[in-house]
Amino acid sequence: MVSRVIPVQPFDLVLFGATGDLARRKILPALFHRFQIGQFDSNCRIIGSSRSDLTAEAFRSQTADAIREFGQDVETKAEEIAGFTALLDYVAVDARGENGWDAIHGKLREDAIRAFYLSVGPALFPDIARRLSETGIATPESRIVLEKPFGHDLASARGLNAALREHFEEQQIYRIDHYLGKETVQNLMALRFANSLFEPLWNSSHIDHVQITVAESIGIEGREEYYDKSGAMRDMVQNHLMQLLCLTAMEPPAHFAPNAVRDEKVKVIEALRPVAQASIARGQYRGKNGDGYRDHAGNPASRTESYIALKVEVANWRWAGTPFYLRTGKRLRERVSEIAVYFRDPPHNIFEGSGPIHGNVLVIRLQPDEGITLKTTIKDPGPGGMRLTGANLDMTFADELPESGRPQDAYERLIMDVIRGNQTLFMRGDEVEAAWAWADPIIAGWQDTGEAPQPYDSGSAGPDDSLLLIHRDGRRWRSIGT
Ligand code: BG6
C-alpha cells in the first residue's frame, strides 16, 4: 500500500496536565500512533508538564505504561515505544506561580513549531496563557490548544475568550471538540458536499425529521466532581451534539477552509429557536445496590441529568418544518452514536395493498462500526406478486475500505492539525459563545422550576418522557441496541 502519511514539520509540544487522565488515555497514545506510522520523528519533542514533581525518566515510563494500557490494539514493538518516549521530557510547573517557566523556555527551540496543549481545567486557562505570553515562551506563531469544557455558561466562555485574546490571536487558538476529529463526522461533510445525490434533497421539502443520538453504556464513575455540576446538556449537547447538528444542517461553505466552514456552523446555531421546556426530556439513571447515578455522584439529592432529549428547530429557509431530535445519555443499553435522516414518504403510493412503504432513512454511524446505511423499500424477491419489503443499502467503512487500516482516534487527527496550523476542525470563539447563548436559557428553565430529572433504569433506552417527546409528533426513536 502506498503510504498516505504526510510528515509534519518539527515541533515542540508542551502538554500541560501531562499526568492527567485525558493525557494518559487519549493524548499520549494518539501522539504515539502518529509517531509509529512515521508522521513525525526524533526531530520533535513532547514536554510533559504538571504540578507533580517527576523526573523525565519517570514520565517516560508512565507514558510507556499508558500506551500499553490505552493504545490501540495494533502490533507495537518495544523499540517503537522506546523511540517515542525518547522524545519526551518533563518539567514540573506551578501554573499560578513562578516555578518551572524558565525551564520550559530553556527547552524550546527557535526553529520548531511551538504548541501548548492545556489538558487542564478551564480555571487555569487564563493563568497559563498569561505566563506563556509574558515569559516570551509563546511566539506569534505558537498555537494554544484548549480542552473542553470551554466554560460553564455564556458569561464564563466570554471571560475565557477575552482572557485568551489578551495574549493570543484567534488564529492561534485551537478549541477542541473531539467529535470533530471523528472520521465519520468529517465524512458527513464529504457525503453532503462531495456527492450530488443528497444535497438536492437535503431540506424540509424532502426530509421529515432528523434524529441525532449519542448513547453511552458507561456511567459517570470517577468523574462525579465535574459531571454533577454539568449534566448531559453541558457535557454533551452544547458541544458534541451541537457540532453534529451544525454539520448536518449547515449550508455548503464556498471552500473547505477553516473560516468558511465555521461561518456556516455559526449561522446554524444562530438560527436555532429557543427550546420550550415541553420539548425537553431529562433523565437520571438508577441502579440497584449503590449503582445509580446518585450513588456514583455521591449526592443523594442530585438533580443533574445523565440523559437529555430535545426537539430542536432550525428556523431558516432550508429547515423550517423539519425538527431535529437530539438525545444523549449515560448507562443506556448500548454505545451508539448516529445521525439518522428520515426522508418524507413518496407523495403517492401506487402499491396500495402490497405492504407499507418503508420510508427512506439515511443513517450515518459514528460509532461503533463507522459507516452509512440507507433504508429503502424494494420488492420482496420471489413469487407472491408485488409485495414490498424494507432492505438496507449498507456500507461499513472497515469492510468497504480495508486498506484504510486501523480506526483513527479523533485526537490523532486533531493534534496533527494543530501542528499543521489547520483550524477547520476546531471551534471558533464566537461559535462556542453562540452555543452557550442557546444552551443557557434552556438550563435556566429547569433550574427555575427545580424539577428533578425522571429516573430511568441503567441499561434501558432512557426515560419514558423522551418517548413521549417524539411520540407526540407521531414519530418514533430509532432503537438503541436490540
Ligand atoms: C466527553 C464527555 O467529552 O465525551 C464524556 O465529557 C463522554 O462524558 C465522551 O463520555 C464521549 O466521547 P466518545 O468519543 O467516547 O463518544
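Glycine too: its Cβ is placed from the backbone N, Cα and C atoms.
Per TrEMBL, the feature active site, proton acceptor maps to His240. In sequence order, Asp177, His178, Tyr179, Val214, Thr328 make up the list of same-chain residues 6 or more apart from His240 (active site, proton acceptor) whose Cβ falls under 8 Å from its Cβ.
Sequence annotations record features per position, and here TrEMBL assigns NADP(+) binding site to Gly17, Ala18, Thr19, Gly20, Asp21, Leu22, Ala23, Arg24, Arg51, Lys148. Annotation note: Ala23 (NADP(+) binding site) sits in a helical segment as assigned by DSSP.
Mapped onto three states, the DSSP output places Glu216 (substrate binding site) in coil. Residues or ranges marked as substrate binding site in TrEMBL: His178, Lys182, Glu216, Asp235, Lys330.
Annotation comment: TrEMBL describes 14-187 as domain 'Glucose-6-phosphate dehydrogenase NAD-binding'.
The feature domain 'Glucose-6-phosphate dehydrogenase C-terminal' is assigned by TrEMBL to 189-478. Here the domain 'Glucose-6-phosphate dehydrogenase C-terminal' (189-478) has a mean pLDDT of 94 out of 100.
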TODO: Pop the Cα-Cα gap between Asp235 (substrate binding site) and Thr19 (NADP(+) binding site) into the table, whole Å please.
DONE: 22
Task: Greatest C-beta neighbour count within 10 angstroms, which of the binding-site residues Arg51, His178 - done: His178
Task: Inter-residue C-alpha distance, Asp235 (substrate binding site) and Arg51 (NADP(+) binding site) (nearest angstrom) - done: 26
- [ ] Have a look at the binding-site residues Gly17, Asp21, Ala23, Arg51 and say which one has the shortest Cα distance to Lys182 (substrate binding site).
- [x] Ala23
Open item on the list: So if I take the binding-site residues (Gly17, Asp21, Arg51, Lys182, Asp235) and measure from each Cβ to the nearest atom of ligand 1, which come out below 6 Å?
Closed with: Asp235
